[in-house]
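Data first, discussion second: the structure below is written as structure tokens.
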Amino acid sequence: MFHLRTCAAKLRPLTASQTVKTFSQNRPAAARTFQQIRCYSAPVAAEPFLSGTSSNYVEEMYCAWLENPKSVHKSWDIFFRNTNAGAPPGTAYQSPLPLSRGSLAAVAHAQSLVEAQPNVDKLVEDHLAVQSLIRAYQIRGHHVAQLDPLGILDADLDSSVPADIISSTDKLGFYGLDESDLDKVFHLPTTTFIGGQESALPLREIIRRLEMAYCQHIGVEFMFINDLEQCQWIRQKFETPGIMQFTNEEKRTLLARLVRSTRFEEFLQRKWSSEKRFGLEGCEVLIPALKTIIDKSSENGVDYVIMGMPHRGRLNVLANVIRKELEQIFCQFDSKLEAADEGSGDVKYHLGMYHRRINRVTDRNITLSLVANPSHLEAADPVVMGKTKAEQFYCGDTEGKKVMSILLHGDAAFAGQGIVYETFHLSDLPSYTTHGTVHVVVNNQIGFTTDPRMARSSPYPTDVARVVNAPIFHVNSDDPEAVMYVCKVAAEWRSTFHKDVVVDLVCYRRNGHNEMDEPMFTQPLMYKQIRKQKPVLQKYAELLVSQGVVNQPEYEEEISKYDKICEEAFARSKDEKILHIKHWLDSPWPGFFTLDGQPRSMSCPSTGLTEDILTHIGNVASSVPVENFTIHGGLSRILKTRGEMVKNRTVDWALAEYMAFGSLLKEGIHIRLSGQDVERGTFSHRHHVLHDQNVDKRTCIPMNHLWPNQAPYTVCNSSLSEYGVLGFELGFAMASPNALVLWEAQFGDFHNTAQCIIDQFICPGQAKWVRQNGIVLLLPHGMEGMGPEHSSARPERFLQMCNDDPDVLPDLKEANFDINQLHDCNWVVVNCSTPGNFFHVLRRQILLPFRKPLIIFTPKSLLRHPEARSSFDEMLPGTHFQRVIPEDGPAAQNPENVKRLLFCTGKVYYDLTRERKARDMVGQVAITRIEQLSPFPFDLLLKEVQKYPNAELAWCQEEHKNQGYYDYVKPRLRTTISRAKPVWYAGRDPAAAPATGNKKTHLTELQRLLDTAFDLDVFKNFS
């Protein structure tokens, strides 16, 4: 019997490929689709003759049947034919026919059953094959789409066509189909829209429509999305027959936009042929693409678009999308014009812009902002996202329906820069989402001189977007209408689903990396083809002329009209006498400055508060303002301790921060604190978000229960990213001066992962782009034996980048000297030693009449240090931030007796005071704390030095000599005293690593620096 079944299996014809069989077994949806066909199957019947005792007889009958089917009884003939046709067990056997008048009819019926069974199976398998074919196009059709306008490369870097994509009929066999099936009609599954109004189509037409939808100039990558509704939406947009239609008016608008894009670059090339401008030649379609996205978004209710982009095509975008005055752009090419504004300025292809205008297509107001950026590719991505989030927050746009972002990328940078990945992973986090960004990749298939095969390991440069289920639309940029359609769909996707979407413009770069570069050195064959390539404007104009949409004179008139606009603007640019960087401001703050951009005053009010306000905030900070909310027992003890401090009129570090935040919220200042684990605090000191111990995910933020009409407080744990998150918070702070935006590093050591944001945006941002920013960086810092990665926020690096002159003593008699210093510096660097001073510097950040970045080296061990407490008296009305905290002990009472004046900053003060007391030197050694390191407090330190005429001067720090503050403080302190005395050093020796990881070594080093600080004879041999 086994032999019979084996023979039958061998003889069974293969009607479909193994792929289709697997598909039919593993796809329950397909089974449901063909359920009505499967109802023809006969119920299982007994086959009692197939027993072991009769196997020899059955095998003899089978062999006889193979030689001559007519040599066996008709019932055996039917049985063997059914078995070979693949009938399931129990259905092959038909009962012997009775000898009656109706026997002939019964024989005919049995014969029909024999023939029907294989037909039904073939029908099912063919339908499954067609469904598998349709799905193959949907999944992999983009691999064989005609995307490269040069016709040289496959845009996906894979030269092999997927074997299961049919581009010719010889591949039908892969699905168990053949040419005889091409004219058969197949029912279409519900997962395709190629039928339009029809539910069934011939296979030939199915293939043709799939080729049109997925294998022409658009490659749609979307089947990795795990949401059926979203996949169906995309299928409907690209599969529906005739859906990609444009009116003649739309075609003329597209042509006009291509004219502007192309002729702008040609005008710049004629006038400044030797200037770098990073032109758009080869991807001129970018301008109409962006305008289409903006038009469609405006139609859907968006009234503010924030953009970020690299250098390629930036001037064209400024001119033809944002509509910057052409003469202002042309002025940037004039090397004779001087800048009117202070600061370094930046090259023309880095500048930003802000403009409000009427969208002529929708007749609605729209605001466009292009964020200024450095040459560090993709660094502006999170900045744009942060600014977008802020603008959405300020206008109450909780769903992203009014404010959106568009990010432009180069193909090499999009694949190569890690910040792209970090930014994508912010896209759907509750406190960071902007409800969808439209990404446009200018994929010119080259990175400077690097071939794509050397620039990425993934098939496409856009594959990073798959991690957030963003659909990716690849499009041949030499087909302007395909580009326009894809951009419309991208805008609609963002409006409908509020998720990211990527448009991959596969294009080429007609010139070198810049206009002076020779690309033939490294890409000779590509550039031979490019030299032959007809510009897209010429191609499209010829197409429209052939279609009768425009005629040649109309086309030429459009060109001459725009050329005239450029010439007139060029003439006006000759009248400009000076360059104004502030004309390129990307984030104006209306009403904050005077009309000429100056602060409205040069003073700062007291940052103190009344005792009632301090007490009220303290009481809320030490309680749970929500009923039936169970907190952790350990947290109850922390809140109880806070309550006792309030009663005793003292604050620790966490409570001082709470009071600064709470008071600003009362004044209508929004506060946003972001970073890793900031809700609780890395050191479990903050606890701004309380968690119910009995109800999962139930939380309470007491800070939002302080006042009836307070501003909202946002505190959010960030993703484990520094670069992306700091960039995001910088962008958030750009949007408004009336918000305190803080980013806290988990440890200060980790800020260098975000070094690009610090070096390119925060430090020089105002100098380059006339753009102030009040972001606050909280960087936990302190040498406590925790090793080289948990000790140092690298203060030496921040101080090195301060813009004051160490060798020039400013005019100390100048009115408002301290405020003028703050106004002129590029950022403020502080290291507070008391909670009260920390409270004041946070409040001062908002009460100042201008904005500067604030770098705070925050403590770790001081968070719970019993001496690191401040009284309410230090925070009452009339009090201010103390730039310098002078000695106030016995040494200050008898300054003539002081032998040494120690200057220090931060936590080391408490080590010094403890050691001084232990050595009984409180009258001989004075200790002055410099709380604000930059701008340097020349005026206050001069008073301190003059107060102790007999004292030698020493700087004491816990950091190593080549790190920390010494190299910054020493020359400035020497300048303060006109170099009358040396400034000695007491601290750790130079080292490569910031700190030791050995506790004993740490304590030995600490004792050594304390010995140096209090040994009054140690420096005599160096005099």
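Every residue, even glycine, has its Cβ placed from backbone N, Cα and C.
When Swiss-Prot records Asn444, Ile446 as binding Mg(2+), the matching candidate from Asp397, Asp411, Asp500 it lists for that site is Asp411.
In sequence order, Asn300, Gly301, Val302, His435, Ser495 constitute the residues six or more apart from Lys401 (N6-acetyllysine) in its chain with CB-CB distances below 8 Å.
On the backbone, the CA of Lys534 (ubiquitin cross-link) and the CA of Asn444 (thiamine diphosphate binding site) stand 16 Å apart. Of the listed recorded positions, namely Lys74, Arg312, Lys564, the sparsest Cβ surroundings within 10 Å are found at Lys564. His143 (Ca(2+) binding site) is 18 Å away from Asn444 (thiamine diphosphate binding site) when you measure Cα to Cα.
All protein chains included, His143 (Ca(2+) binding site) registers 22 other Cβ atoms within 10 Å of its own Cβ. Between the binding-site residues Asn444, Gln676, Asn444 has the most other Cβ atoms inside 10 Å of its own Cβ, all protein chains included. The Cα atom of Lys564 (N6-succinyllysine) lies nearest to that of Arg312, taking the recorded positions Lys74, His143, Arg312, Ile446 as the candidates.
The CA atom of Gln676 (thiamine diphosphate binding site) is located 40 Å away from the CA atom of His143 (Ca(2+) binding site). Counting other C-beta atoms within 10 Å of each candidate's C-beta, the binding-site residues Asp411, Ile446 are led by Asp411. Highest Cβ count within 10 Å among the recorded positions Lys534, Lys970: Lys970.
Distance between Cα atoms for Lys970 (N6-acetyllysine) and Lys74 (N6-succinyllysine): 112 Å, as a whole number.
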